[in-house]
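Enquirer: The structure that follows is given in the form of structure tokens.
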Amino acid sequence: MRISKLHFIAATPQQAEQACAGGVRWVQLRVKNASAADWETLARATQQVCRRYKATLLINDNPALARAIGADGVHLGKEDMAPDSARALLGPKFIIGGTANTFQDIERLAAVGVDYIGLGPLRFTTTKQKLSPLLGLAGYQALLQQVRAAGITVPIVAIGGILKSDVGLLLEAGLHGVALSGAISTAADPAAEAALFLDQLYPQVTHI
């Protein structure tokens, strides 16, 4: 399974459309404070966008909805369903990602077989409620050293307030890629901004 180096966290199908127009091919739909019916409506509309662009779609925090609409997978926060329970519900073909803030979180997620880990936050962000302690670049560097020493090979993406100027340093630290939301969705030209991030993550290659 290939895990993209750029995960775009969308709140609406319109945001997903803008990011995919810029080359994004991995979308996580994160919907908060919506009814179950509204969430499903947004998910199905986002799924149509992703199918048109041949992009992977993950649903945040809702394995049942991911299964119901036939999404590609689910991303689970630290307070959501346990990854092994989600695997039992969804089966072996669904992508399951998990959120981590500490080395212990990473160990736990790797042990239950998640497909990737979102590690953060790098810095303060307004697009995520209930932030875990900020890691900063030094925190990532220290954690990735522990990951390598432990022989953990699960792809890890950085999340939380990431800027274009952070990308090279995060990749050098050993991160697989980055997860972005406001950096793209609040840009004057979201598609162009997505393309700029992709150029940094996939230098001199076709965006994936």
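Every residue gets a Cβ built from N, Cα and C, even glycine.
So TrEMBL lists the following for this protein:
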DOMAIN    11-184  domain 'Thiamine phosphate synthase/TenI'
BINDING   Q28, L29, R30, V31, K32, N60, T99, K128  4-amino-2-methyl-5-(diphosphooxymethyl)pyrimidine binding site
BINDING   D61, D80  Mg(2+) binding site
Enquirer: Do you know offhand how many angstrom separate D61 (Mg(2+) binding site) and K32 (4-amino-2-methyl-5-(diphosphooxymethyl)pyrimidine binding site) by C-alpha?
Expert: 10
Enquirer: Please identify which of L29, V31 has the densest Cβ environment, defined as other Cβ atoms within 10 Å, among these binding-site residues.
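Expert: By the 10 Å Cβ neighbour count, L29 comes out on top.
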Enquirer: Please work out the mean pLDDT for the residues of the domain 'Thiamine phosphate synthase/TenI' (11-184).
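Expert: When the pLDDT values over the domain 'Thiamine phosphate synthase/TenI' (11-184) are averaged, the result is 96.
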Enquirer: Quick check: in three-state DSSP terms, what is V31 (4-amino-2-methyl-5-(diphosphooxymethyl)pyrimidine binding site)?
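Expert: Looking at the DSSP assignment, V31 (4-amino-2-methyl-5-(diphosphooxymethyl)pyrimidine binding site) belongs to neither helix nor strand, so coil.
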Enquirer: With H, G and I counted as helix, E and B as strand and the rest as coil, say where DSSP puts D80 (Mg(2+) binding site).
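Expert: For D80 (Mg(2+) binding site) - judged by DSSP and reduced to three states - the answer is coil.
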Enquirer: Sorry to bug you, but what's the C-alpha spacing from D80 (Mg(2+) binding site) to K32 (4-amino-2-methyl-5-(diphosphooxymethyl)pyrimidine binding site), rounded to the closest Å?
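Expert: D80 (Mg(2+) binding site) has its Cα 13 Å from the Cα of K32 (4-amino-2-methyl-5-(diphosphooxymethyl)pyrimidine binding site).
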Enquirer: What's the number of neighbouring CB atoms sitting within 10 A of the CB on D80 (Mg(2+) binding site)?
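Expert: If we count other Cβ atoms within 10 Å of D80 (Mg(2+) binding site), we arrive at 17.
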Enquirer: Below 8 Å Cβ to Cβ and six or more residues apart, same chain only. Which residues does that give for Q28 (4-amino-2-methyl-5-(diphosphooxymethyl)pyrimidine binding site)?
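Expert: Non-local contacts for Q28 (4-amino-2-methyl-5-(diphosphooxymethyl)pyrimidine binding site): H7, F8, I9, A10, L57, L58, I59, N60, H75, G97, A179.
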Enquirer: Do you know offhand how many angstrom separate R30 (4-amino-2-methyl-5-(diphosphooxymethyl)pyrimidine binding site) and D80 (Mg(2+) binding site) by C-alpha?
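Expert: Just about 13 Å between their Cα atoms.
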